[in-house]
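K.L.:
The active site, proton donor annotation in TrEMBL covers 423. Summarising the annotation, TrEMBL assigns substrate binding site to 34, 273, 366, 393, 473, 481, 485, 532. According to TrEMBL, the feature thiamine diphosphate binding site maps to 74, 126, 127, 128, 168, 197, 273, 449. If you look up TrEMBL, you'll see 167, 197, 199 marked as Mg(2+) binding site. Taken from TrEMBL, the feature domain 'Transketolase-like pyrimidine-binding' covers 363-537. Residues or ranges marked as site 'Important for catalytic activity' by TrEMBL: 34, 273.
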């Protein structure tokens, strides 16, 4: 039976119940998973994948596809069921292999990376709240591509982003930060479907929340509509209205649903959230008319074949538009193809294009970064920058890049993002921009505040996203602001995140190397740790040596004269002290600059032995932070000069002196050690 909107209610109801059955069977087989969302949102999935989303299962990377983000990633069987039913290359064998080793259906959705390559997954989700803000980042990237490439004669891009979330996502503070940003910047191509089932894991939702979520989002500046989430017509009609509404407001569709719908014994209760309903699956499936394991009827497959044909026709029409657009927009087409390729200039070409930064002049590495970032922007058109209300302090503004957003002096082609005092949202929005795929985002704050966005950095590392974090005011050298603003443990804590390259450059030329490395990476994020205070420019060593040394993580900055007696290792602002100490101590002293432990540890053993000869076990390391990670290089018999306490409020040079971060103290420590 078709309604006035053209929706075949019977077909979609059948598909929704079969999707419920797939979730029941896979979760029961795995003895692990979350039934609540896949069962409670089945009708929403039926509408999305049959009648709403602009996508092509045969070309999952289509440029103009709508993006669907399952923010409630624990409900992953919702996504896997609908990807299979709608025709993506996700065979039933993989649906059955849910949560098993090397399967295409991991416990939470994972963006295609070196571990998984499941088509149709637009974001790695699971940590609640991240996905809805990733969606804001994707929507921002869509706004940018529309502004960059659409013309008055050709609409190349008109896609939207849809995210599905529950109360858990909206309770997380990051979602509030992201919602405020999305509304302020007019992301009316963003649709959040809120699975409002009045349940959280521990208790009914009323036990921990009493706010009016719809009113809260209305206050942010969103367009909000509340419907019955099991009413297929209502879901379809509202989503269609949202797509056509270009009113400058992101959209929140509040869907009142029954969690675990279909398993009567637990439906509507917090017991339905996980796998508690598994023991009732057999009876529940009978009531739904499902008599076989993992049952999808031929009628449903045939129905979605028809959907694919309809979508294929729209896809073919778009390709014609693309070819017509390309024929009269050669420069835009060349740029778009370059962005799609994800290529960046080689490190050698980038080094050649960036002049020496500050020969004979001592400046802070954040100041050096303000010069380098503008060269990077010229060399890498897809590079974007942003700050959590600290452009003036982080010094990461792209001078000719324009500002992103709506109103004031902003446009959607702007390369500078003003995130406001929202570090966590900044990290999640950056991830969304990177998930979108055309752009390479960077974002800045003080290093000490990076913990506000740590969850987003972890996801970027896991998902292998090419994000760059510009983290200034890197140590006790911050000075007068005191211990609340003086990071001592933070750099070390970032170094332990797998696949995050942490670089703490020693001078302006190492800063060039750090930025260049960040733009070479295609398989993960990079954190640049920069000083507030001036550091000595290490002019005694050629600029190219310092730049290229960063690409290997560590290198010999000063080679010993005579027999090697002692190796001094240091990073960042302490390298200048290592050089001074080596000069004072005389023959036999080698200085190794270690801007990045993460990168150095990836080098061949032969190179590591060349820099740190195993024959020399006398080693001293220095860094203005906690020192435990340096023992991997100096050994248990080595010496680490570090800061193992919080700082205090005083001018930075006094704090450094009192806590031993001077050349004089390093000389003293080396003499005592030797």
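Heads up, the Cβ atoms here are built off N, Cα and C, so glycines get one too.
Curation plays no part in TrEMBL annotations; they are all automatic predictions.
Help me picture where these features are in the structure shown.
P.N.:
Using a 10 Å Cβ-Cβ cutoff, residue 481 (substrate binding site) registers 15 neighbours.
Using a 10 Å Cβ-Cβ cutoff, residue 197 (thiamine diphosphate binding site) registers 28 neighbours.
Counting Cβ atoms from all protein chains shown, residue 167 (Mg(2+) binding site) has 21 others lying within 10 Å of its own Cβ.
The Cβ neighbour count for residue 34 (substrate binding site), using a 10 Å radius and every protein chain shown, is 25.
Sequence-distant neighbours of residue 273 (substrate binding site) (same chain, 6+ apart, CB under 8 A from its CB) are 34, 35, 36, 199, 200, 201, 259, 260.
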K.L.:
Taking the mean position of the Cβ atoms of 167, 197, 199 as the Mg(2+) site, which residues outside that list, in the same chain, have a Cβ no more than 8 Å away, listed in sequence order?
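P.N.:
Other same-chain residues near the Mg(2+) site: 36, 166, 195, 196, 198, 200, 204, 205, 259.
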K.L.:
Please identify, from the binding-site residues 366, 485, 532, the residue with the sparsest Cβ neighbourhood, meaning fewest other Cβ atoms within 10 angstroms.
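P.N.:
485, out of the binding-site residues 366, 485, 532, has the fewest neighbouring Cβ atoms within 10 Å.
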K.L.:
Name the one residue among 423, 473, 481, 532 whose Cα is closest in three-dimensional space to that of residue 168 (thiamine diphosphate binding site); these are the recorded positions.
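P.N.:
Going through 423, 473, 481, 532 one by one, the closest to residue 168 (thiamine diphosphate binding site) is 423.
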K.L.:
Work through the binding-site residues one by one (74, 126, 127, 167, 197) and name whichever has its CA nearest to the CA of residue 473 (substrate binding site).
P.N.:
127
K.L.:
Quick one: Cα separation, residue 126 (thiamine diphosphate binding site) versus residue 481 (substrate binding site), in Å?
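P.N.:
That separation, Cα to Cα, works out to 36 Å.
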K.L.:
With an 8 Å cut-off on Cβ-Cβ distance and a minimum sequence separation of at least 6, pull the same-chain contacts of residue 449 (thiamine diphosphate binding site), or say none.
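P.N.:
Set apart from residue 449 (thiamine diphosphate binding site) by at least 6 residues yet with Cβ under 8 Å, we have 388, 423.
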K.L.:
Taking the residues 34, 273, 366, 393, 473, 481, 485, 532 listed for substrate, what is the greatest CA to CA distance in Å, to the nearest whole number?
P.N.:
48
K.L.:
What is the interatomic distance between the Cα atoms of residue 366 (substrate binding site) and residue 127 (thiamine diphosphate binding site), given in whole Å?
P.N.:
32
